[in-house]
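Here the structure is laid out as structure tokens; the discussion comes afterwards.
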Amino acid sequence: MSKSRRIGILTSGGDCSGLNAVIRAVVHCASGKGWEVFGIRQATLGLMARPPQVSKLEIDQVDPLLTSGGTMLGTTNKGDPFAFPMPDGSFCDRSSEIIAGYHQLDLDALIGIGGDGSLAILRRLAQQGAINLVGIPKTIDNDIGITEHAIGFDTAVNIATEALDRLHFTAASHSRVMILEVMGRDAGHIALAAGIAGGADVILIPEILYSMDDICYHIKHRQEEGKNYCLIIVSEAVRTQDGEILTLTNRLGQSRYGGIGEYLADQISDRIGAETRVTVLGHIQRGGIASPLDRLVASAFGVAAVNLIEAAKYDYMVAWQNRQVITVPIEEAIAQYKAVNPEDALVKTARGLGIYLGE
């Protein structure tokens with residue numbers, strides 16, 4: 001049995017399916033080595049709290065969580081600790097509080113599960129405060145460099161595909177154009193994969209320009225062939241024909257992507273008079289039972305992260321390539337944003353299927 005260690009684990013950024021499967025894998029693997037695992041609540045906020053908000057994790061506690069969505073530890077995607085928003089509207093550097101919380105717990109290492117933004121913040125904290133960090137990539141957007149698969153992506157694709165499957169019947173029954181708006185931020189991975197798997201007729205992603213004239217021609221051409229409906233899937237950050245990225249703003253003044261589906265519907269209705277409906281999938285893509293692939297990758301990532309700690313190989317992230325886990329420096333991974341390559345094999349597949357994908 002290896003030397004006993006105390007390790008912390010936290011989830012940071014937006015939630016997704018597969019996070020609990022990672023936590024379960026870490027606890028199983030670490031417990032087998034005689035180590036203790038401490039779950040940190042609400043990302044770095046748990047280390048900022050006094051006393052730190054943590055709980056020791058046991059196998060019987062995490063075992064039922066393999067399939068469950070969300071994160072048992074809670075998470076947040078707000079509050080950069082280096083410019084933390086205060087009640088009076090000012091911003092304060094509270095990074096030292098997080099670092100102190102880590103050392104107060106006498107942890108030997110920290111496993112951080114997050115997207116590129118979260119991993120960048122955690123790495124900065126680790127460098128500043130002598131934190132032994134290992135990273136695990138998660139994001140439904142699948143835009144983290146080097147890894148072919150980030151936790152949560154496959155489940156999000158499955159959900160978007162099922163939505164297209166269901167919309168197919170309504171579109172055909174009412175002779176409508178049905179538009180499905182999906183997440184993904186500035187990367188079109190969800191729309192591309194789900195569009196192919198769900199039989200979309202038009203796939204629009206931020207990386208490839210499109211023409212409203214061509215979309216309308218595609219719809220009319222289908223009608224001439226006796227196909228009285230059309231399925232369109234669009235990624236949330238696709239621009240209008242004028243180059244504008246549409247956003248929605250809440251009562252607090254916070255903006256997020258949204259509105260491209262309605263924009264397309266109005267354009268299509270005005271140009272060719274087609275009856276058009278929009279479905280915005282939203283946060284449904286983040287929840288629910290994790291897909292088998294997400295559970296598989298999450299389990300492999302959790303074990304690999306523990307093994308990195310045992311080897312004292314810190315400031316590394318686990319990644320998925322060619323159906324196996326590799327390890328890469330966190331700095332290298334977060335520096336390589338992964339958008340859809342217009343020459344990607346899936347783009348060629350979509351074009352080969354006759355799907356309109358832009359110019």
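Cβ atoms here come from the backbone N, Cα and C positions, even for glycine.
Per Swiss-Prot, ATP binding site is recorded for Gly14, Lys78, Gly79, Gly115, Asp116, Gly117, Ser118. DSSP assigns Gly115 (ATP binding site) to coil in the three-state reduction, placing it in neither a helix nor a strand.
Annotation source Swiss-Prot lists Mg(2+) binding site at Asp116. For Asp116 (ATP binding site), the same-chain residues 6+ apart in sequence whose C-beta sits under 8 angstroms from its C-beta are Thr139, Asp143, Ile144, Gly145, Ala333, Ile334, Tyr337.
Sequence-distant contacts of Gly117 (ATP binding site), defined by Cβ-Cβ distance under 8 angstroms and a gap of at least six in the same chain, are Gly13. Swiss-Prot lists Gly117 with the feature site 'Important for substrate specificity'.
Around the Cβ of Asp141 (substrate binding site), 25 further Cβ atoms fall within 10 Å across all displayed protein chains. Reduced to three states, the DSSP call for Asp141 (substrate binding site) is coil. If you look up Swiss-Prot, you'll see Thr139, Ile140, Asp141, Arg176, Met183, Gly184, Arg185, Glu236, Arg277, His283, Ile284, Gln285, Arg286 marked as substrate binding site, on the strength of sequence analysis.
Residues or ranges marked as active site, proton acceptor by Swiss-Prot: Asp141.
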> Where the distance is taken from Cα to Cα, which of the binding-site residues Lys78, Gly79, Gly115, Ser118 turns out closest to Arg286 (substrate binding site)?
Replying inline: Gly115
>> Max CA to CA distance in Å over the ATP-binding set Gly14, Lys78, Gly79, Gly115, Asp116, Gly117, Ser118?
In response: 15
> Of Met183, Arg185, Arg277, Ile284, which binding-site residues are close to Gly115 (ATP binding site), meaning a Cα within 10 Å of its Cα?
Replying inline: none
> Looking only at Cβ atoms, how many others are within 10 Å of the one on Ser118 (ATP binding site)?
Replying inline: 26
> If you count the C-beta atoms lying within 10 Å of each candidate's C-beta, which of the binding-site residues Lys78, Arg286 ends up with the smallest number?
Replying inline: Lys78
> Looking at the binding-site residues Gly14, Lys78, Gly79, Ser118, whose Cα is closest in space to that of Met183 (substrate binding site)?
Replying inline: Gly14
>> Going by Cα-Cα distance, which of the binding-site residues (Gly14, Lys78, Gly79, Ser118) sits nearest to Arg185 (substrate binding site)?
In response: Gly14
